[in-house]
């Protein structure tokens, strides 16, 4: 055997060992971290189911005396249960099995419903804030004689809109995720090979669509709803605080309501300017 033959054989054996180690690392997981993830998911699942079932049971006991706010709390609890059963529970089962075992159809359904649950949880909470803002600020203060026109029906409409938006914004999940063979990246040779191992994975092409989609989801599920919640409840707090100050001054009721209405529209005007400024930047 020549020195050249020995070198090529040695290099080939090292490449085989390297590739074997690389493949193994891509097809296995850290079981210690996996156990922690499963424990956390199980705890969240238990607390979500137990807590929201207690709320629903409490509302069911006094269902004859439920206010519109109680109905919104009921919708919030139902949305949280949806998160528990269609987001946390599938993820817990997935963590236990490590690889997705449901096939192509269930892959798409599970990933779609997981994101629907996330959107619904945020948007139903936002619908509750809109209901409080419209009723407490607009009707109760500015148009008290029309306050009865804002009924439970309008509250249900807000919730329906929240769920419709959640179903709509989650549609990209059905095209991004699929049940597919895991590609093994051999870093030494810079090539991809089939592994004969299947999982429910996402595929983004071109590559810039991945950060774009993550940014969109982060903004639409967390950032934008949080900002709107802050604005709505901030406006409610401001107007109620002004109402308390004006009542302490013993102003006539009509004058008090008129001044509060001006405060309400002033706040709306400032919010509109603020939103327009950041949208046009």
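Glycine is treated like the rest: Cβ placed from N, Cα and C.
If you average pLDDT over the domain 'G-protein coupled receptors family 1 profile' (51-281) in this model, you get 77. Residues annotated as domain 'G-protein coupled receptors family 1 profile' in TrEMBL: 51-281.
Per TrEMBL, the feature transmembrane segment maps to 38-61 (among others).
The annotation transmembrane segment is assigned in TrEMBL to 73-94 (among others).
Residues annotated as transmembrane segment in TrEMBL: 100-126 (among others).
Annotation source TrEMBL lists transmembrane segment at 157-179 (among others). Same-chain residues lying 6 or more positions outside the transmembrane segment (157-179) and placing a CB less than 8 Å from one of its CB atoms are 72, 75, 100, 102-104, 107-108, 111-112, 114-116, 119-120, 123-124, 126-127, 130-131, 198-204, 213, 220.
Annotation source TrEMBL lists transmembrane segment at 213-241 (among others).
Within the same chain, residues 70, 73-74, 77-78, 80-81, 83-85, 88-89, 91-92, 95-96 sit at least 6 positions outside the transmembrane segment (38-61) and bring their C-beta atoms closer than 8 Å to a C-beta of that stretch.
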